[in-house]
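Contents: one structure, followed by commentary.
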């Protein structure tokens, strides 16, 4: 059952029905299941967290938080070297995003912006097979650069304790505490706060449908901020006849490895390349059978190769799709990139697979999905900063601008108090 190869143009109805409806996860069922959990944590606090941890994780905890500085770790040196290299690159990239407060005189008044960090952050790290220590770096580093003063790591407990790599990362990133609670109850603890778990104003990090549902619901209630709403992982690849079909197949499968709901879409004008990529996918399935059923489901059911008449058509569709990850594997990839408007993160040229950004290059891998990059950006320093605008109006400027305030406030029917609050400061009133 090879991957579907579809011949398309801008008027193809299937493009809209199949690809442009948005692939955001339907969290209705998950939300229904987690609402009682959220309410229990809100009303019962620590007691609910102990109970749910024993129920879902099979672990009876004696405490809910630990100080990472008090735990000895034995992470091997090669692993440390890899994560320290990633940490260095991520820090260097995100340092370029730092903001400076500013002010400027406009029409006689000093106006400006003061940047202040959010007061607190929780970073969620899933447990078990879905352990993503790289996401811990991606969430914490830009927050640290932004100046967030309080950061806690939330992760489900394991039968043999918290994974050493997470503890070590918490140590080198100077995290306040590790909260040993996972799932929706862990998200609720961060949003509401309990006797042992301080409330956080913002939370980031990957998780299953129940974690996503809890984040979405609690954010909608105004209880905690989140990064862009999450959906299944996705990659879009724009490629021409110069691209390597084996490399493209590998890049598509690297997304399929995330889960059967992941998607990988190749956009090309070259039918020969399309067929060769399809063949390379089948070869890869036979050569690398690990997680075979999951990868095949993602490729056969959620992925496609789309053949368009022109490269501009491929670019147009990519902008409509607004993918989480976009690879551009064309001869003149810079000219293609110049026309890209919507993508979470872009990978330019044949030697820039998504996995480089996932781990080591330095860009952030916490990205908007399901066409979210049309309105959201990747996680960054700005995510954790607030803009406080200010103005200092001079006496002379107030005198000069009062007639305009008077006219505008009268027009809106608010002159009695709005207009008066300016008028009483003018010479004619005094």
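Here the Cβ of each residue, glycine as well, is placed from N, Cα and C on the backbone.
Values in this document were obtained by computation on a predicted structure and should not be read as measured data.
As annotated by Swiss-Prot, active site, proton acceptor applies to 324, 325. Per Swiss-Prot, the feature NAD(+) binding site maps to 124, 185, 208. Residues or ranges marked as substrate binding site by Swiss-Prot: 233, 255, 258, 325, 358, 412, 418. Residues or ranges marked as Zn(2+) binding site in Swiss-Prot (evidence: sequence analysis): 255, 258, 358, 418.
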Reduced to three states, what secondary structure does DSSP give residue 208 (NAD(+) binding site)?
-> coil
Should residue 325 (active site, proton acceptor) be counted as helix, strand, or coil on the basis of DSSP?
-> strand
Sparsest Cβ surroundings (other CB atoms within 10 Å) among the binding-site residues 208, 255 = 208
Taking the Cβ of residue 412 (substrate binding site) as centre, how many other Cβ atoms lie within 10 Å?
-> 9
Of 124, 185, 208, 324, which recorded positions are close to residue 233 (substrate binding site), meaning a Cα within 10 Å of its Cα?
-> 324
For the recorded positions 258, 325, 418, the one whose C-beta sees the most other C-beta atoms within 10 angstroms = 325
As a whole number of Å, the Cα atom of residue 358 (substrate binding site) is distant from the Cα atom of residue 324 (active site, proton acceptor) by 12
Taking the Cβ of residue 185 (NAD(+) binding site) as the centre, how many other Cβ atoms fall within a 10 Å radius?
-> 27
Among the recorded positions 324, 358, which residue has its Cβ surrounded by the fewest other Cβ atoms within 10 Å?
-> 358
Local Cβ density at residue 233 (substrate binding site) - other Cβ atoms counted within 10 Å | 24
Can you name the residues of this chain that are 6 or more positions from residue 124 (NAD(+) binding site) yet have a C-beta less than 8 Å from its C-beta?
-> 154, 155, 186, 187, 190, 203, 204, 205, 206, 207, 211
DSSP output for residue 258 (substrate binding site) maps to coil
Per DSSP, residue 185 (NAD(+) binding site) is which: helix, strand or coil?
-> helix
